[in-house]
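Visitor: Input: one structure, supplied below.
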Amino acid sequence: MDSNEESAELKKRCPNTSLLLAICAACIGGTFQYGYNISIINSPTKSVQNFINQTWLERYEENISEQYLTLLWSSIVSIFTIGGFIGATIGGTLAIRFGRKGTLMMNNAFALLAALLMGLSYPTGLFELLIIGRFFTGVNAGIGICVQPLYLGEIAPRALRGAMAMGTSIFITGGILTGQVIGLNELLGKEEYWPILLSTTCIPAFLQLLILPWFPESPRYLLIDRGDDVGCGTAMKQLHGTDNFDREREDMERERISAMGIKPKKPWELFMDRSLRWQVLTIIVINAAQQLNGINAIYFYTDYVFEEAGIPEVNIPYVTVGTGACECLTALTCGMLIESLGRKVLIIGGYTLMAFWCICFTLTLTFQGAGPWIPYLSMGCVFAFILSFGMGPGGVTNILITELFTQTTRPAAYMIGGSVNWLSFFFIGMAFPFIVTKLQQYCFLVFLVVCVLVAVYIFLVVPETKNKTFLEIQIEFQSGEKRKASKADHSPRTTMLSTPL
């Protein structure tokens, strides 16, 4: 009997091969594209600027001004965030109408169109195609980062939901690392290869179009949104194995009954629903903090820190690849720890450590010239901060969005969370240069405050969601609301109102 129980427990903890492959198929054309397209634009900066200058000279027989060149390059880079915001705002709606898998498949059209436009920009002499292409890569990334975590959270069994949903972070960091490696001079980093480099965004899209059709739609979507009982059973059999999904099916049935007659909610309906106000506030806080916690500032300072440590300029791209590998390995480690330690411990611990490294990095940058060993401490702070981010907010944020909402509210929640994330990304991109100019290394004290405040908020407000059903998590939030209401009812203010005049 004991051996049978151990065998059953092992099956729960070990995902089915089909489930792992489905996650890889969803992620390769989803969040991998997000990380990849953030990363590859850094390598060809000088090459693209030379192309713009040459094109301008051929058109107008004069060199482009430095200010206008900077404006065009900034547009190529930042239009990605505008596209991402638009993608996030429509992703949830598309996921409801066409399904999670169907939306991911359709989303590849944006990546393929973007690759075509950016590849044609050089032979046609139209740098404007780069701006349009980057916009479509942003739309692709915005939809992917909204819908793909939704798909992952719904196909994974409860006991493995956190670990499987970590595919989102693992593939983002994997995309960043892949872009850094492909952008090296030994591969596609040379000046003449930049159109090919920017067009490689079509490769993950083709891979997903080839692989994802072999895997089913989200069983939750089929049962709760579409009422397809047979399709749900077939999908669960493929994803979880023939003997391993009865408990999950019961959870889905309970959620289906509770959602009966309720249509999927729109984002503005979530804001008006008082029973969801803490969940909505939570996803706004954690998504804004994911961009405003200082991780972008760390990457901004890496080249300076590496130069001060004596690393030759030609070798800095290879050390930067090391930071990408560090973040990728951390995401993998977080995936192994999340089901044992829980979401709350990891995200609070991550923000707390990031706050500590903000203090250390501020000190090492301030006293950079105090000794030959100080720059190496700064390098240590860079890697430690990246590790802390990957173990906490980088890995757990998307999982929490999945778990804090039920089937009828989850797509709208992802639209809200994704929109806040992209707007914060755009804001930090616009505001950060001014923050650095004014505060210099002391800018990390601003990020210190952000990290501390978010850690305190999560500690006080967000419950642990590990190994709980979506309904149980919702009930826990609602019971917290009732306790607060009960305290308010028994407050002295209530007693004063009940006394006779």
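Every residue gets a Cβ built from N, Cα and C, even glycine.
Residues or ranges marked as domain 'Major facilitator superfamily (MFS) profile' in TrEMBL: 23-466. Here TrEMBL flags 19-36, 71-96, 108-125, 131-151, 163-182, 194-215, 280-301, 316-338, 345-367, 373-401, 413-436, 442-462 as transmembrane segment.
Give me the lay of the land around each of these features.
Guide: Away from its own ends, the transmembrane segment (163-182) comes close to residues 15, 19, 23-24, 26-28, 30-40, 42-43, 145, 148-149, 152-153, 155-156, 188-189, 197, 200, 317, 320-321, 324-325, 327-328, 330-332, 334-336, 338-339, 390, 394-395, 398-399, 402 of its chain (Cβ-Cβ under 8 Å, at least six residues beyond either end).
Within the chain, the transmembrane segment (280-301) has long-range Cβ neighbours (under 8 A, six or more residues past its boundaries) at 270-271, 323, 347, 351, 354, 358, 361, 365, 382, 385-386, 389, 393-394, 397, 400-401, 404, 413, 416-418, 420-421, 424-425, 427-429, 432, 436, 443-444, 447-448, 450-451, 454, 457-458, 461-462.
Beyond the ends of the transmembrane segment (316-338), by six or more residues, the same chain brings 39, 43, 162-163, 166-167, 169-170, 172-174, 176-177, 180-181, 183-185, 189, 299, 302-303, 306-307, 346, 382-383, 386-387, 389-392, 394-396, 399, 466 to within a C-beta distance below 8 angstroms of the stretch.
Non-local neighbours of the transmembrane segment (413-436) in the same chain are 77-78, 81-82, 84-85, 87-93, 95, 142, 145-147, 149-150, 267, 270, 279-280, 283-284, 286-288, 290-292, 296-297, 300, 401, 404-405, 443, 446; each lies 6+ residues outside the stretch with a CB under 8 Å from one of its CB atoms.
Using a Cβ-Cβ cut-off under 8 Å and counting only residues 6 or more beyond its ends in the same chain, the transmembrane segment (442-462) has close neighbours at 278, 281-282, 285-286, 289, 292-294, 297, 344, 347-348, 351-352, 354-355, 358-359, 361-362, 365, 393, 400, 404, 432, 435-436.
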Visitor: Mind checking which residues reach the transmembrane segment (373-401)? Cβ under 8 Å, same chain, six or more beyond either end.
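Guide: For the transmembrane segment (373-401), the far contacts come to 145, 149, 153, 161-162, 165-166, 168-169, 172-173, 282-283, 286-287, 289-290, 293-295, 298, 301-302, 305-306, 308-310, 322-323, 326-327, 329-331, 333-335, 337-338, 343, 346-351, 353-354, 357-358, 360-361, 364-365, 367, 410, 413-414, 417, 454, 462, 465.
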Visitor: Test the contact criterion for the transmembrane segment (19-36) and the transmembrane segment (131-151): 3 or more CB pairs under 8 Å, pairs 6 or more apart in sequence, then answer yes or no.
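Guide: Stretch pair touches.
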Visitor: Can you see whether the transmembrane segment (194-215) and the transmembrane segment (71-96) are touching - at least 3 CB pairs under 8 angstroms, only pairs 6 or more apart in sequence?
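Guide: These two stretches do not touch.
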Visitor: Between 108-125, 131-151, 345-367, who has the most Cβ pairs under 8 Å to the transmembrane segment (71-96)?
Guide: 131-151
